[in-house]
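Sequence annotations record features per position, and here TrEMBL assigns domain 'FAD-binding FR-type' to A:1-95. As annotated by TrEMBL, FAD binding site applies to A:ILE62, A:PHE63, A:GLN64. Taken from TrEMBL, the feature [2Fe-2S] cluster binding site covers A:CYS223, A:CYS226, A:CYS238.
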Amino acid sequence: MYKILEKQVLSDVTKLMVIQAPHVARKAKAGQFIIIRIDENGERIPLTIADFDRNAGTITIIFQELGKSTLQLGKLNVGDSVATFVGPLGHPTEVENFGTVVCMGGGVGIAPIYPIARALKEAGNTVISIIGARSKDLLFWEEKMRAVSDELHICTDDGSHGRKALVTEPLKEVLEDAGRKVAKVWAIGPAVMMKFVSLTTKPFNVPTIVSLNTIMIDGTGMCGGCRVLLEDGAQFVCVDGPEFDGHKVDWGNLLSRLSFYREEEKAAVEHYEHTCNLDKAIAEGGK
Amino acid sequence: MAELTTQERMKIPRQPMPNQDGEVRRANFDEVALGYDEETAKKEAERCLQCKKPLCREGCPVGVLIPQFIKAMREGDMAGAVEAMKVKNNLPAICGRVCPQESQCEGKCILGKKGEPVAIGRLERFVGDYELAHRTCPLVSAPATGKKVAVVGTGPAGLTCAVDVAREGHKVTMFESLHGPGGVLIYGIPEFRLPKGVVHGEIDYAAKCLGIEILADHVIGRTITLDELLAEYDAVFLGTGAGLPSFMRIPGINLNGVMSANEFLTRVNLMKGYLFPQYDTPVKAGKSVAVVGAGNVAMDAARCSARIQALHAKKTGAEPGEVHIVYRRSRDEIPARAEEVHHAEEEGVIFDLLTNPVEILGDSEGKVVGMRCVRMELGEPDASGRRKPVTIPGSEFEMKVDTVIMALGTSPNPLVFVDADGLERTKHGTAVADTETGRTRKQRVWAGGDVVTGAATVISAMGAGKRAAADINAFLKGQSSW
């Protein structure tokens, strides 16, 4: 069992947890992920490592409450435990001094882009960061991102904070600025956002790394549930990734595969809320 | 009871094992074979002729003392039967269920020459189940030696090795990447062939008796590497299996509804997807499922598909649908056990033999809607003596399916070889190891089971784990140097 040592509410639906997992913290690097399972009946879901502390033996995860498991996880508190916490999985981000780089985080993707931006900054890069979300209350870590960036752009879809724009707009301006010479772009966020970032950088021929969040079960390469189509064939996100060249990804296939269990995901939430209400009713009835 | 004569023994017919009815069991995941009761077990045990030179033992990869345990059984000494069993085999409830006895112990039984062999597997299962219920003979380990052994992987090879090493008094730690031990016994073989309670029971019991530590959620090559283990342990055994699934290289392989048998079976067995939404992991088997391949894994996937369809139909009132095994060779070449094929047929699985997919077809949303296949015929035998399937020109046709499960075999996971300098591997991705001792080309590292042989059987992995354990024990005692 892996204990929750700290919990922060970053927005109505975005939560941060620091989990005690020395076996993972010992080896964790920016860009890798973990698989978590809440309890005996739980499913295994992947979450990117947002931060780690080797000395304390902890891993920080950030998640958005989108379905049954993340809703349930969000209800847990400091002192509670989760049944499974395995990692670090996947390849770490390749960090070196590239020159000027752009780090893009969309929504909950701001969390995993943070350690990458930090590592790139520490390696001597000029870091331009662009973060965005649907609205102000879904944004977080603005100050943390500012601290590891030479320049920070903030966008919201509805204009409630920062610029009213999609993250691809400031990206395009940066790329068009001949004086900047962007060497590489990293993008983490919803698949659609990463797709459009890749489409934006393609005409400029700027290498673009995306971190794919596909459906996974084991996360160790034994099932292929996470496989993604690249120009040169299928690969497993959990062992070959999670980072890939965004210009080579078949985004249509990726988006279609993400939606395969949509009905079941809905049913799971309904079942969960139904049992929650039932528990509540029984508890109240017992008074 | 008076001693029977040989002739009297030979007149007793082989006792049948009661099974759940095919129609009924298609809609549940309960065990199909129900096991002997005490009376039947005793009657079957009476058939054994107690050969002076028991051939059955030669057929057993771990050399179980077969006549001895059967003799104790028919004398009513169940504790004695367990004791005789556990000299060589610590996991009888598992072996009795999943070994292909027809090609091992029972295949060599002298009674099989004229009639039917003694049902050794069924008797072994009876002994194992008895022990799980009564705990007569706790495993005991020798005094602690102070030596430490790491066993990576908790499948049949690792478990067997761990138990044999721990019995000698060495401290054993097992590393498992998934959230619980058992390997293929848990995620691969379905509940209806091998109940998970039996697997957990047998593993917990052995680990507790012998003080074996099991660390789940540890992925070799990621959480911990082989070189890190060697710095801490006197010996390392790799029983990491062959978990990496193969996919056909045909168009449409990434469509929604195409999955590996490993993914499908892991969702069903390990994650209990058939109990969704009580369990969180969903699993889908559409109205028309094609399982490509005809090994034991293919039969498991097909039979699980049939059950999920039936459970779904029961819930929604819809028609249950169809499950097809699509295999490019003919019935004679089917690699699965005859019993499994027979069970699959009883449960309504359709066999499309001499058929090979060439493309998977999808709709505009990327969902599987069909499979383009060709008919095959068997050509001349190749170097290995197997007749090679050859496409019949112009035989192309379409199958209407909405789910395709690839059961084409597996190879070792490359993660095992991360930070493992000197651990040699073949071009098939398997670890190079001596078949007798399990020694790899890297000092103090042994390997056995599917990681060495590629996908094979549970019992051959157990045999390899046992041989490696013997060599590790000799090495740690200083009886042999590297």
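Residue positions begin at 1 at the first shown residue.
Just so you know, glycine gets a Cβ as well, placed from its N, Cα and C.
A quick note: this is a predicted structure, and the numbers were derived from the prediction, not measured.
Everything TrEMBL records as a feature, shown here on the structure.
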residue: A:ILE62; record: FAD binding site; Cβ within 10 Å: 23
residue: A:PHE63; record: FAD binding site; Cβ within 10 Å: 23
residue: A:GLN64; record: FAD binding site; Cβ within 10 Å: 20
residue: A:CYS223; record: [2Fe-2S] cluster binding site; Cβ within 10 Å: 26
residue: A:CYS226; record: [2Fe-2S] cluster binding site; Cβ within 10 Å: 26
residue: A:CYS238; record: [2Fe-2S] cluster binding site; Cβ within 10 Å: 27
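With an 8 Å limit on C-beta distances, the binding-site residues from A:ILE62, A:PHE63, A:GLN64, A:CYS223, A:CYS226, A:CYS238 that reach chain B are A:CYS223.
Compute the center of the Cβ atoms of A:ILE62, A:PHE63, A:GLN64, which mark the site for FAD; besides them, the chain residues with Cβ within 8 Å of that center are A:LEU10, A:THR14, A:LYS15, A:LEU16, A:LEU47, A:ILE61, A:GLU65, A:THR70, A:VAL108, A:ALA111. Secondary structure of the domain 'FAD-binding FR-type' (A:1-95), assigned with DSSP and counted as helix (H, G, I), strand (E, B) and coil, comes to 12 helix, 44 strand, 39 coil. DSSP gives A:CYS226 ([2Fe-2S] cluster binding site) a coil state; it is part of no helix or strand. Taking CA atoms as the reference points, A:CYS226 ([2Fe-2S] cluster binding site) and A:ILE62 (FAD binding site) are 21 Å apart.
Rounded to the nearest whole angstrom, the C-alpha distance between A:ILE62 (FAD binding site) and A:CYS238 ([2Fe-2S] cluster binding site) is 19. Each residue contributes its Cα atom, and for A:GLN64 (FAD binding site) and A:CYS238 ([2Fe-2S] cluster binding site) these two points are 20 Å apart. Distance noted between the C-alpha atoms of A:PHE63 (FAD binding site) and A:CYS238 ([2Fe-2S] cluster binding site) is 18 Å.
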